[in-house]
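These notes are about the structure you will find just below.
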Amino acid sequence: MEERPFPAWSWSVEQCLKEYNVKLDKGLSSYEVENRRDRYGWNELVKEKGKPLWRLVLEQFDDMLVKILMVAAFISFILAYMHGSESDESGFEAYVEPFVIVLILVLNAIVGVWQETNAEKALEALKEMQCESGRVLRDGFLVPDLPARELVPGDVVELQVGDKVPADMRIAALKTSTLRLEQSALTGEAMPVLKGSSPIFPEECELQAKENMVFSGTTVVNGSCVCIVVCTGMNTEIGKIQKQIHEASLEESDTPLKKKLDEFGSRLTTAIGLVCLVVWLINYKNFLSWDMVDGWPANVQFSFEKCTYYFKIAVALAVAAIPEGLPAVITTCLALGTRKMAQKNAIVRKLPSVETLGCTTVICSDKTGTLTTNQMAVAEFFTLGGRTTTCRIFHVEGTTYDPKDGGIVDWTCYNMDANLQVMAEICAVCNDAGIFSDGRLFRATGLPTEAALKVLVEKMGVPDAKMRNKIRDIQLVANYLIDRSTVKLGCCEWWTKRSKRLATLEFDRVRKSMSIIVREPTGHNRLLVKGAVESLLERSTHVQLADGSLVPMDEPCRQLLLSRHSEMSSKGLRCLGLAYKDELGEFSDYHSENHPAHKKLLDPACYSSIESDLIFVGVVGLRDPPRDEVHTAIEDCKGAGIKVMVITGDNKSTAEAICREIKLFSDREDLRGKSFTGNEFMALSPSQQIETLSKPGGKVFSRAEPRHKQEIVRMLKEMGEIVAMTGDGVNDAPALKLADIGIAMGITGTEVAKEASDMVLANDNFSTIVLAVAEGRSIYNNMKAFIRYMISSNVGEVISIFLTAALGLPECMIPVQLLWVNLVTDGPPATALGFNPPDVGIMRKPPRRSDDALINSWVLFRYLIIGSYVGIATVGIFILWYTQASFMGINLVSDGHTLVELSQLRNWGECSTWSNFSAAPYMVGGGHLITFSNPCDYFTIGKVKAMTLSLSVLVAIEMFNSLNALSEDSSLLTMPPWRNPWLLVAMSVSFGLHCLILYVPILANTFGVVPLSLNEWLLVILVSIPVILIDEILKFVGRSQRYKVKKEKTA
């Protein structure tokens, strides 16, 4: 059941307890739990019912090309059955055609169903994020491991370090001074979030602002607390994301290529229907005749045999017109594309995504981990110089947790002065973080900011020269150790051994600092403090100069430090102030918990007085730095006409600073109308939102929640944009699912994000997306090349059959031969065209529009010309064999076949009425003699040689035509065939396969062909090769026209 909305974050703890009728020290009673479970249900994510298998299978046949193939297969089967009934034989040959078509359809359906079932794993991955059990107070007793699914609103739950949160809960009381939760997967915040129990106003606030709430699936990284369960199951934030993922999956639209192929299929259906009808109408006299008596038809005669014969011709025409091999070649090309992309660290999960990438117009990128390294690093630090009016600023290079990555620029302070020594000591000792290596990356344990401070200490070194050399030697040896997972931080260890830690004053949000008491080598106690700069400056009375001398902090000095701090913050740096104190009063001899002053350390209210009269040391500026290669990738996107929009959960100033640094915006660019928080953007009117999104240039959206990301993606799609969306968190999953291309992070990404995505970046790098877009564009160009090639071949076949029917000739090719050409001999060259090298300026062109025609009118005209030549050549050679003794000096009657007149050939159906007509047997390769019991069989059984010549001319022309398809416009002189050696290999394979069916007797019988002599092969080549010359002339005309138009535009 739906819970009524209850803004627990804006109510006090007492109000929440009253609302749920529960006591914090008792919890709910078993009776109350049962009542609430009946009302609210179990605390688990409901699995949406998936489509049944039969529905998935049926959906694979809801495609225009597939429907045409199904009809063709059905008609072929009926005709094969009728032919078998008439001739009292049921040979396999007759059923080859329907069998092959059905096989293609079944394979296509299997691939489709497999892809669909893979797609919904994102919802399963969400369930994995849910907690198994929790510590719950019931009937006044603590149940240590109650299954999480049994929780109900009002339950009192205890959380400790490392616990996964089992439901959305309101914090009732902290059991430690601080509580931090890692919720980046849900909100996109780079750092663990500090939580408290005070009410938050107003009621309507973003997820990140709900600092007194903990959310299902997030993890406690520091502290412990007691909470009241507020939302369970599908009403939790994770539950809402599941609903959004499901809704987004229902909104998934077809890829641009799928839309074009469907459109092409619809037009093809119309064209096939019309041509088949015309062929039948042209030949109606052959199966329907009548006499006119008094202006009315009489003695109507209908020949069913002739009618079915011309129906078979119409079916042959349909088989010729449909590019049966196209689905297989497209799948092969996309699969090859995924392999190429995998080599570039882009792992494609859904094949059609490869092509969609090519027409991407907008990339919506997350900031943390994609544009940045997701590893905190110190960018700069400053201390005072020799006077209170001067500052020393040090810039630090390096963007990872690797201590050897970069160093301090112009660092000459190896024998560190007293000021820098104190700074290194605070960074190393007032610190609980660690660093380890997983083989690929250096990662942090504990707080990322503290890990970054430890890396800074390693870059600073130690003041003891002898120890410094020893540490360097140990690090050199560590490079050769087998176990390299633990990272040796020699400098930090030197400081921690030197200064023994005695007590910790935990961080709290009132004083905004944390400190430790240490025993110095001198035997005196010292307080080391780090925290918010403004807070430390308020509690500092002195500053330390470079030489270690202490001077009182006056107002000009304070203002200098604040202005430097402000300058660093404006660059998007997270600033930490460092300070210390030597005069500790009653803590000056503190040694352990037995000390009389220890009780003050148990009360956080005393911490501010202990951390007073501090000596200010300096300020450290940290950031999650941008990746080095992102700037170039952003420039490539601008050159390619792709808009980049950054959508992040981080705060506005940090997001803007990073965007300026990666040159999405220039340094002084006014960001009004380009930078919004999620709530600011959603508050705009729909027309203002569309206007903002449609303006050129980059955009940045900060403090964005999942619904904001989804809404932005939805709007962009409605505007006709092709959207690629990156993300790594659970909160990104709905938008990843909704986008045309969802791109998840392979290293930092959650399983939920990966399963909802179309593509996974193995290296989490934004520049990999740009490489993938370039690859997608290249693949699309190559797909256009082979689609044009296959369609031009089919146009030729259609014209060939149409001419045969129009001239009244015996059919020069049977359906099974056409199917062989479309599937087998056309397949290898079409696939090889997928290996065409990419154009040089592929990323300097704007994205193609999603409504761009697959084949424009000029290309269609070109292929009609080429197709006409194919038709004339295939029918021409058929006529030549029957009617001419020689052609261009090649003897055609050496086999002893009978020559006939063209008029006889055109009226071969009336052969039985001819007097004195006879046809001599003739010899074919392999010493086989073709004989006829009835002379009229010369036009049916006897046409086997003429049919073989026609088929061979068709295959040869299509091989030469594949060379034409290497480039849409470039001549073979500028784009020679060896630029794509795979095409030459594929042509050889296709010719080899054609020779196989000619010279292997069992195959020759199946396909109705015979072997050819050397002379006949020479004739085939002579008739076929002009296709190259014709297309070269057409390409030249096209280039001239385009040059003319370009010249007129520039004039």
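Every residue, even glycine, has its Cβ placed from backbone N, Cα and C.
Helix, strand and coil counts under DSSP for the domain 'Cation-transporting P-type ATPase N-terminal' (7-81) come to 47 helix, 1 strand, 27 coil. Per TrEMBL, the feature domain 'Cation-transporting P-type ATPase N-terminal' maps to 7-81.
Look at TrEMBL and you will find 64-82 (among others) tagged as transmembrane segment.
According to TrEMBL, the feature transmembrane segment maps to 94-114 (among others).
The feature transmembrane segment is assigned by TrEMBL to 264-282 (among others).
The annotation transmembrane segment is assigned in TrEMBL to 309-336 (among others).
Annotated transmembrane segment per TrEMBL: 786-809 (among others), in sequence order.
Taken from TrEMBL, the feature transmembrane segment covers 860-882 (among others).
Per TrEMBL, transmembrane segment is recorded for 982-1002 (among others).
According to TrEMBL, the transmembrane segment annotation covers 1017-1037 (among others).
Comparing 264-282, 860-882, 982-1002 for CB pairs under 8 angstroms to the transmembrane segment (1017-1037), the maximum falls on 860-882. Residues 788, 791-793, 795-800, 802-804, 807, 809, 812-813, 892, 897, 899-900, 902, 905, 943, 945-947, 949-951, 953-954, 957-958, 961, 964, 1019-1020, 1023-1024, 1026-1027, 1030-1031, 1034, 1038 of the same chain lie 6 or more positions beyond the ends of the transmembrane segment (860-882) yet place their CB under 8 Å from a CB of it. Under 8 Å from some Cβ of the transmembrane segment (982-1002) lie the Cβ atoms of residues 820, 824-829, 831-833, 835, 925-926, 948, 951-952, 955, 958-959, 962-963, 966, 1009-1012, all in the same chain and six or more residues away from its ends. Here the domain 'Cation-transporting P-type ATPase N-terminal' (7-81) has a mean pLDDT of 81 out of 100.
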